[in-house]
């Protein structure tokens, strides 16, 4: 297939997907506290650039009771909680979210994901499966670049994780009171809600954070003005006298004392925004720990860079082996997502995920809409991750010439704006059985490791995807969508074929093959950023999240999960940070502290 030059030759779905990339440029520098707006520096005086760090304090070595590697979804609530009683250093490789318009406003959701510059809040990567993906690189982690949906894990998940349900039910509200909102349900979301009920995904459970079979409306971290509230705002609950937060602090490795029977974590080595190297020291007081909260990709990655992982993997890059553990980076999983775009005959209000159908078939149904409202969005260049690059899977990289890209961008200006109207219906697998892994490529902490998810390698996952697509078909043909578009079988087949042809991933396509929904699932799989695993309990960590075989080191984040919690994980990952912070305080101080 030659590089496409004319607008007429472009698959319609490709044109439609371009609308997901909006151009919006604003620079918010204020945060809201107690109903008043104030500069974020006033509310978070403990946040500094990494270059300001000094390990000495009045000619003495400055030490910390806790050093947390990763200021993300789990790291922020964990740091805020531990700082109530102990000195905490939180190290985040990205910058602050407060002055970043791509983070702060819902209408810029896709721009943040498409921005591949070094200062972006998201770090672009492509898994070996050929699926485009992003890692958070900002204080607040994934809560800064996700679709905002907030919903808890179910009771069975809490029980399986071995968590104290009473403390869990104290920790969720701590998050919710600070950053979670009830959404104003958009028309597209109402249509999906009503269609889910029409086809039997019942009962309707109303607005709830709880994970219950049927159809419901969940919470959101976007307020009624479309402004995002992230895990970074949970740091407002910290003790400012006991917390230091360094941004643009990229941890190179954890430092160990290996003179004893077991390696003992003693500090971390990190570089600042200027490339200068620093070392932060852990206090020698009993109970002091380094806690890795760098996410499902970052945590196993930093363990391996620090010498904890498969011996052969470490030795091939000349990393000194601190502890040989073949399970580090193994058992990775991602919840596969497949979507159908439904074009409409009218303006559709922008919405991210608000409604969800929780089926007993192990499939979740969600929706988004309205990312084609700006004429400028059709003409924006958003870098490597955008469609301007012409990353059709049937085009080899050598054919993606500068001339071809420029020709495409010119032709795109002539695409009728009306073609960009519509919304997506999403289906994802609840608990995928397919497993992958992370392996090192370089010893540079800035570089992505090699990441494999092995989507649909387990036949049960493929069967559930087919079940999910059939549910989406029913929704698209339900009476509640007739206000938007007539969607008979012929129209639906066209939508499926357009989806197969779109440049949603780099997987070879099998066009005009919608009779095989199994093949459709494989061809159109994308991510919903719910990857997890790599530091599993019983293999890499103990039930208390301490790393097996070493002293004074824990991992607390989604890398410890066997399954992604609820329909969307951010609520439970934030809860986990708060929960484990309280657990650690109670263990160290005793229940008499009244925490």
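Numbering starts at 1 and runs along the chain as displayed.
Placement of Cβ uses the backbone N, Cα and C atoms for every residue, glycine included.
Among the features that TrEMBL reports, FAD binding site is placed at 92, 93, 138, 251, 529, 530, 558, 569, 570. The annotation disulfide bond is assigned in TrEMBL to 465-521. Here TrEMBL flags 295-309 as domain 'Glucose-methanol-choline oxidoreductase N-terminal'. Residues or ranges marked as signal peptide in TrEMBL: 1-33.
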Open item on the list: I'd like the Cβ neighbour count for residue 558 (FAD binding site), meaning other Cβ atoms within 10 Å of its Cβ, all protein chains included.
Closed with: 28
- [ ] To the nearest whole angstrom, state the Cα distance for the pair residue 138 (FAD binding site) and residue 465 (disulfide bond).
- [x] 33
Task: Distal contacts, the domain 'Glucose-methanol-choline oxidoreductase N-terminal' (295-309) - CB-CB under 8 A, six or more residues away - done: 69-70, 72-73, 135-136, 141-142, 251-256, 319-325, 328-329, 332, 438, 440, 443, 445, 448-449, 451, 531-535, 540, 547, 549-550, 555, 557-559, 561
Open item on the list: Test of understanding: give the count of other CB atoms lying within 10 angstroms of the CB of residue 521 (disulfide bond).
Closed with: 23
Task: DSSP residue counts for the domain 'Glucose-methanol-choline oxidoreductase N-terminal' (295-309), split into helix, strand and coil - done: 11 helix, 2 strand, 2 coil
Task: Close in space, distant in sequence - residue 529 (FAD binding site), Cβ under 8 Å, 6 or more apart - done: 133, 134, 142, 145, 146
- [ ] Could you measure between residue 92 (FAD binding site) and residue 465 (disulfide bond) for me? Cα positions, answer in whole angstrom.
- [x] 36
Task: Span of 92, 93, 138, 251, 529, 530, 558, 569, 570 around FAD - largest C-alpha separation, Å - done: 25
Task: Neighbour-count leader, CB within 10 A, recorded positions: 92, 138, 465, 570 - done: 92
Task: Euclidean distance between Cα atoms of residue 465 (disulfide bond) and residue 558 (FAD binding site), Å - done: 23
Open item on the list: Can you tell me the CA-to-CA distance separating residue 521 (disulfide bond) and residue 570 (FAD binding site), as a whole number of Å?
Closed with: 25
Open item on the list: I'm trying to understand the geometry here, so how far is the Cα atom of residue 570 (FAD binding site) from the Cα atom of residue 465 (disulfide bond), in Å to the nearest whole number?
Closed with: 23
